[in-house]
Number of protein chains: 2
Amino acid sequence: MTPEQHFEALKTRFHEVALLQSAADALEWDERTGLPAKAGEYRAAQVTLLRGMIHQQRTAAAVGEHLEALRDSRLADDPTSDVGATIARLDEDYQRERKLPQDLVEALASATVLGQQKWDAARKADDYAAFQPALSEILSLKRQAAAHQQTDGQTLYDAMIHEFEPGARSADIAAVFADLRNQLVPLVESLQAAPRQPNTDLLRRDYPIDAQRAFSRFAAEAIGFDFQRGRLDITSHPFCTSLGPDDSRILTRYETNWFPGGLYGTMHEAGHGMYDQGLRTEWYGMPPGSYVSLGIHESQSRLWENLVGRSLPFWKFAFPHAQKAFPGALSDVSLDELHFAVNGVRPSLIRVEADEATYNLHVIIRFELEQQLVADELNVADLPDAWNEKYRQMLNVESPTFADGVLQDVHWSAGLFGYFPTYAIGNLCAAQLYDAAVRDLGDIETAMAAGDLSGLLGWLRKHIHRHGRVYDPNTLMQNATGQPVNSEALINSLKSRYEPLYGVGE
Amino acid sequence: MTPEQHFEALKTRFHEVALLQSAADALEWDERTGLPAKAGEYRAAQVTLLRGMIHQQRTAAAVGEHLEALRDSRLADDPTSDVGATIARLDEDYQRERKLPQDLVEALASATVLGQQKWDAARKADDYAAFQPALSEILSLKRQAAAHQQTDGQTLYDAMIHEFEPGARSADIAAVFADLRNQLVPLVESLQAAPRQPNTDLLRRDYPIDAQRAFSRFAAEAIGFDFQRGRLDITSHPFCTSLGPDDSRILTRYETNWFPGGLYGTMHEAGHGMYDQGLRTEWYGMPPGSYVSLGIHESQSRLWENLVGRSLPFWKFAFPHAQKAFPGALSDVSLDELHFAVNGVRPSLIRVEADEATYNLHVIIRFELEQQLVADELNVADLPDAWNEKYRQMLNVESPTFADGVLQDVHWSAGLFGYFPTYAIGNLCAAQLYDAAVRDLGDIETAMAAGDLSGLLGWLRKHIHRHGRVYDPNTLMQNATGQPVNSEALINSLKSRYEPLYGVGE
């Protein structure tokens, strides 16, 4: 076989893998949009079978043989070409995945599907004890998997992070987080003590769900989500999933008396969906058509949710539409009042509803707790107490329920340990990317205020989306922004938005 | 290997087949409940891959070896036992399916997924020409498949019917249909000329969609559909599908100004769903846990839709709820007026909205047309003219659009030739089963008028559902009703309901 034939054989196989993968993802999407109460066990069996088949296909000996033949061939000469990067990334994936025994992969697939069902029921019943055995089981399986995949110098937790943020290490992340916290804490304190405070009560008025759905769809369309290639649905915990090159599904939840929940849930997930929609479809399921890391994925969602969605230019455009959609709630409200309200900073219980300033503290709490769980320094039974203690310390809030405390996030029930830190990395990258776009494009905010947000999306398509996994996340950020990932842009962005609103320093 | 070990190996394999089958069905359910416009092609590729894998699994040489070892073993001694029937039915399936080449199976899967998308678009655009090439392609592939599977004495069309109604032959069906038509035509004529006529205009008042959804759900629950093991959604063409032993999906469509559409669509599909829910879950995907034929499946839907849903006892119970749900439309309407209105008989265009009396004429038209298409006596290009001609002859109606004419049904776009006659068989069986239940249970209508419909469902569970495919359809009907399938019960049922309402013979 020529190198070209080996490469074609790999492409054919990974096309089939992508079909199976997206089919399994479709079953999981369906599971979270209204699966009948008693259908969970069978659904778990369906997903388990498909995930097992996917793992077999990706780790088959034939894949190793093709990669062996390609590794030193001329096709691998340029690792920044689509073909060269494909060979390099698939080789890395293959080496890593074949370390996992098939039975462990299947056990994990089953435990995490059932775990999410247990979590959902436990959250509804506000009963941590009902979830605890499932969590213990998942944690134990994840530790076994990490032990198989751990490389020299990696902690077990580092091996888990690698799955989401290739090459990142917990010690480095801890250093960045310390830096971030050092700058955030005084900022939050100054805002809490500031002369002007937002009237966030107006966000708790009556916002009918049907109107929220229509307005959320309008906002997602306005920022560039393509509804010909995706849809928006309701679920209990917002997420985004790709069920094919032209099928991005975003999901949010609505509360009548909390306007930002549904809207920013939608804008956040639409940001993820627009990244997926910007990947090159002809490479779907292959490294050049895949996202590079969860941190970069999150940078796309946070950029549209916060840098755009909470900006004054966006609201100059969107406010008249909002007043029309919610005449009962917004007829006596001004643009400036609403803009200030959606930029309210207050330590709170729920991560996904937290403001930008305190959000990273929620992430740091989870980052610390899951490190302890994985290192066996914290028992699963003691997790709720540890959770509550950290929330008291860092945010000075206390949840009266498990549902709004330790059970608020789906992640651990889905086996996602090492995933939370990518949220803060996403915040850092979002601010850096926005600054770089403004540097390259000049004034984008005048057009934004007139409802044209295409410039920013075009810049992201060119500098982030179209590259897929061709470069590693650090190189991609360096190329796009001229800098390594750091906290300066985020802190500057928060200060420049908050300080005039709150009258800090006046 | 012992016979028991061969049987266990078969069970394990068919458990996996059922998982893949229900996963593919889930993708098709999703395709018909809001797939993004541009996602169709990739969805077709996903389903094609899964259907190909299913066919490979079902026709693998290993299956033949297990069946070979079991065929003359003691486990096959009693063909009416669960185990014996499993061996017999799987053997029949295997012999039939392995006649189909893998590439033809995949071509059919792909053509019919794309065909349904083309049909949906063509129907929306009212453009038959846009659908014609897809239909030609599907018909050609179906004829090839039938040529592979045809047995001695079967026409190509008989081989197609066999897939849905095992053992049925077109010549026999034509004879029953002639008999039915001979009795129906004078009945319909007498009703058209009758002294009293229903006020069906009241069904065209304003019935808000949200209230219809709630009332349809209420009706489905009242007749016994288990929402813990199923759900109700909206689609363009009502259907029912089983995505697991505890996951029956029913789908309907609503029009504001046509009350019976959404309600009877729901009751019809709920009847199908209740059959699926009554199959034994421990045999899911195996013959004892599978439906026996489409005719029997349809008998369940028609029984609940018509024999129950259009009866006076049902409306005695349901009418106060309907008045509460639709105060604007029904506050000045009496029980008798509504009951008469939902029993309106009038030749019309749309099969799924046709009354019971004329419905079978819609079926006979399709039965005749598809026989001609399959026998190459009618060209696909000439189908719309032939369709219109038959509607003029038999029902004296003419469709101004393709959408309400030849494009009204999804079936042919999904490759379902030989499927339509099972609808009329279902009507015949429904009436026979209802009579037999009354014969066995005595008065069930008093309880029904009080909202208790459990007696009838229990009788169907015992005499139909729990037997799965253990008996052939004819034996099952003979055992349940004491008679072979015939038209007497249906004609009697229609006359006894219609004649007093219309004042015929007074």
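Heads up, the Cβ atoms here are built off N, Cα and C, so glycines get one too.
Same-site candidate for Zn(2+) binding, as annotated by TrEMBL with A:His268, A:His272, chosen from A:Glu255, A:Glu282, A:Glu298: A:Glu298.
Neighbour density for A:His272 (Zn(2+) binding site): within 10 A of its CB lie 27 other CB atoms from the protein chains shown. Listed in sequence order, the residues of the same chain lying 6 or more apart from A:Glu298 (Zn(2+) binding site) and placing their CB within less than 8 Å of its CB are A:His272, A:Thr422, A:Tyr423, A:Ile425, A:Gly426, A:Asn427, A:Cys429, A:Ala430. In the structure shown, across all protein chains, A:Glu269 is the one of the recorded positions A:His268, A:Glu269 with the greatest number of other Cβ atoms within 10 Å. Sitting within 8 Å of the Cβ centre of A:His268, A:His272, A:Glu298, and not among those site residues for Zn(2+), are the Cβ atoms of A:Cys240, A:Glu269, A:Gly271, A:His297, A:Gln300, A:Ser301, A:Arg302, A:Trp304, A:Glu305, A:Gly426.
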